[in-house]
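> Quick one: the structure is below, questions incoming.
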């Protein structure tokens, strides 16, 4: 990993509890209960204000001073859970812990076990503390909490056999042939239903009619994962979930690039086809067509210099996609790199001579920005406005988290997230805002 540098800087990232924004819509009949301080509640109300007023399936249990001296949070938490049950009637409740819970050493796991027994349905703890996790790793914590509900074996079904005598059997019944257990494919990641349907359709056209997804919208219909399962991650930040699947289920986790951009989607599909012995000849034409559809946007991006400061752990796949667009990625900063799950992405970026910085130091990045003079900086929300004031054009990294960016069909939405800020800056300059001092 000679091209990966580490600077041990602080994470400039959203809090992991914000992952409820997409998870509460993915897992039906669920409720996400966040346990934290007034500051955490204010963050959720500010960041997800539209969803809060839409009466979404998440809420807050605010820690008070009396909770600091309480022997156990079970009783107080139980009162909040009862309110949730009365109003929402969920089939599963996820209790998301925050930094405050970690600092106070509150044992929510024991409380959740007691509450699961009391209410008769799963109350699952998930560690979403921002102390050692980045924004998107909240999804990893929730999926990891769901793994015990993933079956190891499919429900037994009695086969209906039609007995027919074989030729030259002389009336003797032949011995039953033992069939090898079939391998199944499971895609892992909480992406939108339309994205899943597109990927399932692509794989069906290539010869895989059945493709399961984890998480399923219904907790009672999770796919089987065992030693016969091939697991393929859709997101680069599911490390704990994948490690547990390898260790406890003995499933094969396919190491490939992520289906982000036409190039990534093509390699993703090819890796699955090769694993299952399927023909890959049709994939190249699909990729070529996707690139042709992007040509107007590619003309805007070619030759531009783009820098990632690091926020949502999508930086490496996005940087790989941009290099395929003839963009010079001057630096790909990211909070954390799990080399085992990102092996293919790292190899491609090294081949393309992209500087990769793990846990970057923001002060040093500011100095490098002055040297690079990038055309676009991809950064977290809290950093973008100050950078704009310094004369840099920025893109919000959070937009890549919420947008549909996987697969061939969504490639146009992905590339527009990069071209839109560039076009905005160009329009401002054409209207004379640069002369007024708004832009340098």
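A Cβ is built for glycine as well, from the same backbone N, Cα and C atoms used for every other residue.
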> Quick check: of 40, 273, which does Swiss-Prot put in the same [4Fe-4S] cluster site as 15, 99?
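Swiss-Prot lists 15, 99 binding [4Fe-4S] cluster, and from 40, 273 it also lists 40.
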> Report the same-chain neighbours of residue 15 ([4Fe-4S] cluster binding site): residues 6+ apart in sequence with Cβ closer than 8 Å to its Cβ, ordered by sequence.
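Residues satisfying the criterion: 40, 43, 98, 128, 130, 135.
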> Relative to the Cβ position of residue 99 ([4Fe-4S] cluster binding site), how many further Cβ atoms are located within 10 Å?
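Residue 99 ([4Fe-4S] cluster binding site): 20 neighbouring Cβ atoms within 10 Å.
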> Which of the three DSSP states, helix, strand or coil, fits residue 15 ([4Fe-4S] cluster binding site)?
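Reduced to three states, the DSSP call for residue 15 ([4Fe-4S] cluster binding site) is coil.
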